[in-house]
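Okay, so here's the structure we're looking at.
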Amino acid sequence: MKKQTLQRSLTGFWWLTLFFLYVPLLVVVLFSFNAANSAANFTGFSLRWYQQLLGNEEILSAFANSMVLAIASSAVALTLGCLIGYGMYRHRHRKLGWLIILIYLPIVLPDIVFGISEMAFFVQINRLTGLLGPGLLTMIISHVTFQIPFVALIVYSRFVGLDPTLFEAAKDLYATPWQRARFFMLPTIKPALISAFFLSFTLSIDDFVISFFTAGPESATLPIYIWGAIKKGVSPEINAMATVMIGAVAVAAVLSLMFNRQGRQQ
Amino acid sequence: MTSSLTAPDNATPASETVHADYPEDSASRHKASTIVLQGLEKRFGADTIALDGVDLTIDSGEFFTLLGPSGCGKTTLLRILAGLETPDGGRLLLGDKDITEIPPHRRSVNTVFQSYALFPHLSVRENLAFGLRMQGISEAERNRRVDDIADFIQLGPLIDRRVDQLSGGQRQRIALARALVCEPEVLLLDEPLSALDAGLRSQLQVELLRVQKRLGMTFVFVTHDQQEAMVMSDRIAVLDGGIIQQVGPPRDVYERPVNAFVARFMGHDNLYPVTNRDGSALMTDLGTLHLTTPPDGDLLLIRPETLDLLPGEQAGDNRLFGTVTECLYRGSHAEYRLEVGSTTMQATVRNCGGNLPAVGDRVTVVVSTDDLVTLNA
């Protein structure tokens, strides 16, 4: 009897969690199809807000910025994070604790602190050299810094999961160092790399705080645009855009999971 | 890379080679090389000495086994041959080349790893072709050689499988084929059968031996199993503490061990310190025994299978009296533990259908003096 009560309340808690997690998303999706310009009453189905979205130059440019930022930063973070992950694996027998803490610090640091420091840093650089004015480039650099630890960790754990004699077998079978990278390491960790790319992509699309502090006047991303627009009130247009973003991020997250799992199964 | 890897006769059409024999030209194409180790030393850290001055010559076409307990240095020695470890001192010659400093990917030496180390992202065929591909051998030539080796090792139906769909025995054979297809001057095998169950293991022992004899390739085999070493090897080197204790054919090492370590490692328990001697007469805890030649060591080895047991006490030269304390009946033979003198000894008696002594029986142990060996502790 007692056990049953516990089980029931746990089940109830589970549904409550799901409710607060996903119903808000459903509300946004639902109201993005609202015919009326209202966040309270659903009057009928319409795609007008999506049409309006496609006609809004500002939104389209924010979307383009978001995509450029996410793809460019993920690509750079993938390259650097992959090298760090391999380096961590190669030197795993040495004491690298302090180095790893250094790399992981950005993960635990509050975004706002990180964002403010990035901004202050870029302002100083810009003042002294005239380079790195606020814009897409500064945003890409800051995004790369917080994406790297995730990539490095994924790559590192994939290498750790491999039989270490595989590296020796590749050497033994006449592979030069470059051939080992090209024909053994890269193909072996490919699923992990794809997974890391999509994770970085999602993190970048998701980010508001750090982007906000490092953006320039021309480089507003979608989250920055939404934040600006929302001060004038929530419009169904924003709902439509949010729906598009939910869809995009969900696809990237699922792809990331899929490739990660595929990699583990090998 | 070396002459053994370039086929002088690659005009042989693939269709002519579809049978279980490895193509005729492989024997002539293949060059087995002598390996010479001169004063090899290897330390790990400050106080772990893995190899303490190893001198050894392994003849071309020989099945040579490095035998010893774990930590004796046998695997380190194999890894130095492969180039995966660099010695701290000494030289390594392959044929007439000094290869001490040559990295593994430029040595005509291939390894069958204990864990097999098959590439998980590649199919069986791609795994087999890996070494050839890295050497820049053309695809047509690669395919021909992979097909030949697959026929030879009888892997045919597995060739397009993924590695994770294979059993342990199949992986082992693919690891062997992957190394053989490169036609190295020396093939190294690091306990390749230790992960397999007993039945499969003895089957693969025979198969491995057959492959080696047919190809005439130099095999260097590492194992801790003295039975396996004796079955397979032309010669055995017994290692302990980074030092070679004895090198010789299996019969020498088993029947004439040079010291107590080798004797014990080869499975001998009947070892008795010589307490006193008088010419060719040896006094031990068993009693007095007479040797045909004067003894040169202070430890007497009596192999259990050279002993004969007679019922009761029947006096004679080199006969000991004892009591049976334990009997293990094995079908083809029986293993006895006896109390003799102030100590115990083991005797193995073939079961020829006659009476076998039972526990508690008083017996006469007939010692054959020709088979007595004295050695140094």
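Please read every residue number as a count from 1 along the shown chain.
Backbone N, Cα and C atoms are what each Cβ position is placed from, and that goes for glycine too.
Predicted automatically and left uncurated, TrEMBL annotations should be read as such.
The transmembrane segment annotation in TrEMBL covers A:12-33, A:59-84, A:96-116, A:136-156, A:192-213, A:238-259. Positions annotated as domain 'ABC transmembrane type-1' by TrEMBL: A:63-259.
Spatially, the transmembrane segment (A:136-156) is adjacent to the transmembrane segment (A:59-84); three or more Cβ-Cβ distances between them are under 8 Å for residues at least 6 apart in sequence. Below 8 A, the CB atoms of the transmembrane segment (A:12-33) and the transmembrane segment (A:192-213) form no more than two pairs separated by six or more positions in the chain, fewer than 3 in all. Beyond the transmembrane segment (A:96-116), the same-chain residues lying 6 or more positions past its ends with a Cβ under 8 Å from any Cβ of the stretch are 84, 88, 142, 145-146, 148-150, 152, 207, 209-210, 212-214. Taking Cβ pairs closer than 8 Å, the transmembrane segment (A:192-213) reaches residues 66, 69-71, 73-75, 77-78, 81-82, 111-112, 114-116, 118-119, 139, 142-143, 146-147, 150-151, 154-155, 157-158, 186, 221-224, 227, 245, 248-249, 252-253, 255-260, 263 in its own chain, all 6 or more past its ends.
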